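Student: One structure, as structure tokens, below. Some questions next.
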Amino acid sequence: MPMLAVIAIVVSIAAVVAIRRGVDVRFALFTAGLILTAVAGAPWLVFDAFQRSVGKGDIIGPICSAMGYAFVLKATDCDRHMVRLLIRPLRTIRWALIPGGCAIGFLTNMAITSQTATAAAVGPILLPLMVAAGYSRLIAGATLIVGCSVGGNLFNPGEPDIVAIHNATQASVGDIIGQAIMPNILSFVMATLVLTAMGLSAKHRTDKAEEVEDDEPINVVKALLPPLPVLILLLMQPGLNLVPPVFAVYPKGLHISMVMVICTALAMLVTRGGINRLTTQFFEGMGYAFAKVISLIIAASCFIAGLEAAGVIASAAGALASNAALAAVLSPVLTWGLAVISGSGTAPSVSFSQAMLPSLATTNVFHAVKLGISGAIGASVGRTMSPVSAILLFTTTLTDTEPSQLVRIVMWPMLAALGITILHGLVF
């Protein structure tokens, strides 16, 4: 093994250890990239990568505008109206609270790509209902985490994982999401079934059962606004050709950021929440996305520049391209492990896509997209069972439980989801 490759492995392990000990993920990745490029004799490469990433409108636009829209939905209570509309039928079918709660979290995460924000919208409504129905706080918290974090965001065209796959392979967003449907749904269903079975255990039930009143009216129009951009983007794919005049102007389909801005304007008109206030919320959301998400992508790009300088990327991509079975196993397992350690699903998934997919896409775009999706699902699974993830720590505050207690519940559904993802990759 070349000395540069050995150094790259050592530096990468050191970065992982630093992250596990609480060092900021972005700092660890950037520093690792700088060290590797310096060892390779070209330290300027990390700064070139930084500059390129900062100016990538095809990444920044979709992600920031999607988060801006999510902030507007929260400011106008549209997210809560959607959650309450979805939860209302479950009030009379208490045995379905675990699978139903997971499904509601999953659907909400499709519209609101931040897992913690999704839990903040769903948790205050779902958790009291489950506890009142006789479920323990642990199983209620696990239901919230699994539903809100296991991968619903991967069906949102503005999700960083999807944008990264698109940018790396040049496959259309519609094709990427279409290819993600089966493995992502399988992962979600497997996790939900395992958690539902665990919820049947007597130790996760209590004798307490009471009615929870919710007489507040639901604004159906507000409830329909969160999924609107997703529906528009899926229906307005060029292949469907539903509105030919639109495709005459945009032959490759509507820009994600355009749809988010249009839906934001519609939300302003429908909710009458104040133009100035909602405009501020939209741009605060964009800023939040840059600080929390784009910064991770920039740092990951710098780290990848270091791995490329050391020759690791070319070697790894060659191995994945030549061994389909190895690729099917490694793509979700690698991102899963990094997500468990770091608590972030975005950084491992985006890093994997940026590093491995471009070279694979030159020979087989379908295979590259498939691996990118497997990596994204693996990262989602890892984040969901990470003791340091934001959504798990947030849920502990809602349920008054310890992170270790929730991890012991959530890990089994997540390991089952990881297993079915690997199996899908090997079979299909």
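Every residue gets a Cβ built from N, Cα and C, even glycine.
Owing to the predicted nature of the structure, the values given are computational and were not obtained by experimental measurement.
Feature list, courtesy of TrEMBL:
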TRANSMEM  28-47  transmembrane segment
TRANSMEM  59-76  transmembrane segment
TRANSMEM  96-126  transmembrane segment
TRANSMEM  138-156  transmembrane segment
TRANSMEM  176-198  transmembrane segment
TRANSMEM  219-236  transmembrane segment
TRANSMEM  256-275  transmembrane segment
TRANSMEM  287-307  transmembrane segment
TRANSMEM  313-341  transmembrane segment
TRANSMEM  409-427  transmembrane segment
Student: Is the transmembrane segment (287-307) in contact with the transmembrane segment (59-76), using at least 3 Cβ pairs under 8 Å (sequence separation of 6 or more) as the test?
Tutor: yes
Student: Could you tell me what the rest of the chain brings near the transmembrane segment (256-275), counting residues at least six beyond its ends with Cβ under 8 Å?
Tutor: 61-62, 64-66, 68-69, 72-73, 75-76, 78, 157-158, 163, 173, 221-222, 225, 228-229, 232-233, 236, 282
Student: Do at least three C-beta pairs under 8 angstroms join the transmembrane segment (287-307) to the transmembrane segment (176-198), pairs 6 or more apart in sequence?
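Tutor: Contact between the transmembrane segment (176-198) and the transmembrane segment (287-307): absent, because fewer than 3 Cβ pairs are under 8 Å.
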